[in-house]
Amino acid sequence: MMWKRFLCPLCQRIRIITHNVGYLAPFASRRHASSKSSDGQIDMSQFPVENIRNFSIIAHVDHGKSTLADRLLELTGTISQEASNKQVLDKLQVERERGITVKAQTASMFHQYQGKTYLLNLIDTPGHVDFNYEVSRSLAACQGVLLLVDANQGVQAQTVANFYLAFESELAIIPVINKIDLKQADVESTEEQMRRLFDFKEEDFFKISAKLGLNCREILDAVIQRIPPPKSDPNQPWKALLFDSTYNHYRGAVTSVAVVDGRVRQGDRISSAHTQKTYEVQEVGIMSPDHQATQELHAGQVGYLIAGMKSIQEARIGDTLHLSNSPVEPLPGFKPAKPMVFGGIFPMDQSEYRDLKVAVDRLTLNDSSVTVAKDSSPALGLGFRLGFLGLLHMEVFNQRLEQEYNATAIVTTPSVPCKARLSSDKLIKQYKTEEITIFSPAEFPERRDVTEYLEPMVLGTIITPDVHLNRIFSLCEAKRGEQVDFTYIDTSRVLLKYKLPLNEIVVDFYDQLKSITSGYASFDYEDHSYEPAELVKLDVLLNGQAISELSTIVHKDKAYPVGKALASKLKNVIPRQLYEVIIQAALGGRVIARETVKAYKKNVLAKCYGGDISRKMKLLKRQAEGKKRMKKIGNVDVPKDAFISVLKR
Ligand SMILES: Nc1nc2c(ncn2[C@@H]2O[C@H](COP(=O)(O)OP(=O)(O)OP(=O)(O)O)[C@@H](O)[C@H]2O)c(=O)[nH]1
C-alpha cells in the first residue's frame, strides 16, 4: 500500500492518506484533533451558518464537472491526488462504464479563508438532459452554482437549460470557462457567448483547466466570497429537506438531508411531515466523500441521516423531517418529475416477479424521477409500467437493475403517452371521461371510436455552428418540426428553437443531430403540451401472432418506413430457431412489411464425438445460459433486449 503526506487545511497538520482507501484508518483519530469531539468525530458545531457554503457544479455533458469536483476535493485535502481518485464522485458502475454522471453526489470539504475554516458542500450533477431532475433537486439544497463551460465547445444547449434552472431558483451563479489548456480552446468567444446570453460581466469569469488544476484554487475562495451562506436559523426547532435516498441492504434508506433550521443528533426522535411516521435517528454524518459519521448536523449543513426507514414510501424525496415533539410547516418539496417515455418491465420468469418488485422499489428510492404502476401482458405476464425522462434514462435504469440489484428483466418497446378524444359512448362510459391518455400501444383505441388523437410536443433548443444549418433544417423537417426561433449567439454560432413531436425525437434524434454536425450541435428539450396528430398503431406479428409488446404508435406518414425498419431489425435480433420465424408489420390488419428468419437446428454437441463429458456439460451450460436471456413469446424465442434494440438505429 502506498502512502502520501499533505497539509490538512482544517487542522494545519500533516495527514497521511493511502492511494486506494482514502484516510488511513489507524491514523484517523489524529485528524482534526483540535476540532473533534471526544469520540473522534468531526465537531460540526464549529461551523456556524455564516461559515457554510452549499453549491453545485452544473454544465453541459462532458464539460468537466466531475473533473473539477476532483480538483476541489484534492485542493481541500478531502481526497488524494493519485490516479485512483479520478472522478471520485461518479460512484456507480454504470457511470464508470458509460463515462457519464447519472446521479448527483454530495461531498463536504473544509477550506481555510482569511483565517477561518469554512465547510463547503459540493453537489456534482449530471449533464445529460435525461437526468435533469437530479439537477433541479440538487439546486434546492444549494445557494449557488458554478456554471461550467468547455472553452472548446462554447455554450451548449444544456448550459442554457441549467443556467435558467439556477437563475429561476435565484441562486448565485459563478461562470467558469474550463479546458483552457486545449489547443483549440476559444476562451474569448466562449466568454462572449456567456456575456451575450446570460449578461455576465468581464470580472465575473474564472478561466481554468480542471484537468491540470490551473486557477482552481481561486474558485474555492470565490465560492466563499460570492455565494451566500444558507438562510438557516440554529435557534429554531430542527427541520430538514430530504433531497435524496439510497438503499442499504443492512440499514435501510440512507437519506441525504439539507438541514434548514436547528440541530439533529443520534438518538433524536424524528418524524416525516409526509407520512407522520416517527423514527429514532441511528446515525448522522457528512459525505467526505464517503460516509463519515458525526455527532450532529446543524442548521445550514448538508449530510446524511439513517433512521431505519425501510421503503420508498417512507423515504420520500422532497419530504420535510422534523423533531417529533416540534411539528413544523413542511417545506415546499419538489415538483414531481414528468415522465416522457414509458416502458413495460417484466420478469424473465413469473416466479421472479417478487424479486423484481423489490429491486424496482429499491432502485426507485435512489431514482425518484421514475414513475411505477402495475402492468400485465398476455405474453409477458405480471410486471410494471415505468415512466422515464428519456430513452437513455430507461437504458441506465435497466442496467442499474441488473448491476446493482441482480435483476434481469425484459423491457418492452418504449412509447410516449398520447391522448385520444373519444367519440364512442361505450368507451366514454367505460373510461368515465372523454379524453384518455394512452400509455401503451395495447390501450390504443380504434380510429372509429375517437374524434382525434393528440401527441406530446416538446420545445427543443439546438445550438450549432452555422455551417451545419442546412442539414439541421432538413433533419427537423423530416421529424415534423416547426422552427420558432433563430438567434446568432456570436459571429458563427446559432441558437435554434423548434417545436417537435416527442415521438420523433425520443429515440435517435440526438444521435442523428450529432452525426450530421460531427458532434458540434447540442440539443435540449422541455415539455410543450399536446397537439392533434394522425396517429396509427403499427402491429408486429411473429408467426402470425400479434405481439402487443412489440407494437408501436406512429404518425400515419411514418408507418411504412417504421414498419419496414422494425421488421428488418427484428430479423437481425431474433436468432435462428428450430422452425422458421415469419416477422410481419401490419397496419389495421394489412401487412406492410415481412421478413423471415430461416429455421436452424443447433445441436451444440454435433461435433463433440465420444468421451469428454465435462466438455459436453460446458457446451450445454453455455447454450442454456444463452436461452436464459431469451423469452418465449408464442412459439418464438425473443432475446430480452429485442424490444429496445428494434427501435435503435
Ligand atoms: N483537456 C482538458 N480535458 C478536461 C478538462 N476537464 C475535463 N476534461 C476531460 O473532459 C472529459 C469529461 O469530463 P467529466 O469531468 O467527466 O465531465 P462531466 O461534465 O462530469 O460529464 P457528465 O457528468 O457526463 O456530464 C474527461 O475526459 C475529462 O478528462 C480540462 O480542463 N482540460
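Residue numbers in this text run from 1 along the chain shown.
Just so you know, glycine gets a Cβ as well, placed from its N, Cα and C.
Copied from TrEMBL, the annotated features are:
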type: BINDING; residues: 59-66, 124-128, 178-181; note: GTP binding site
type: DOMAIN; residues: 50-231; note: domain 'Tr-type G'
Binding-site residues compared (Ala59, Lys65, Thr125, His128) - the one with the fewest other Cβ atoms within 10 Å: His128
Where the C-beta lies under 6 angstroms from ligand 1, the matching binding-site residues among Asp62, Lys65, Thr125, Ile180: Asp62, Lys65
Local confidence of the domain 'Tr-type G' (50-231) - pLDDT mean: 87
Residue, out of the binding-site residues Asp62, Ile180, whose Cβ gathers the largest set of other Cβ atoms within 10 Å: Ile180
Ala59 (GTP binding site) in three-state DSSP notation: strand
Secondary-structure category, per DSSP, in which Lys65 (GTP binding site) falls: helix
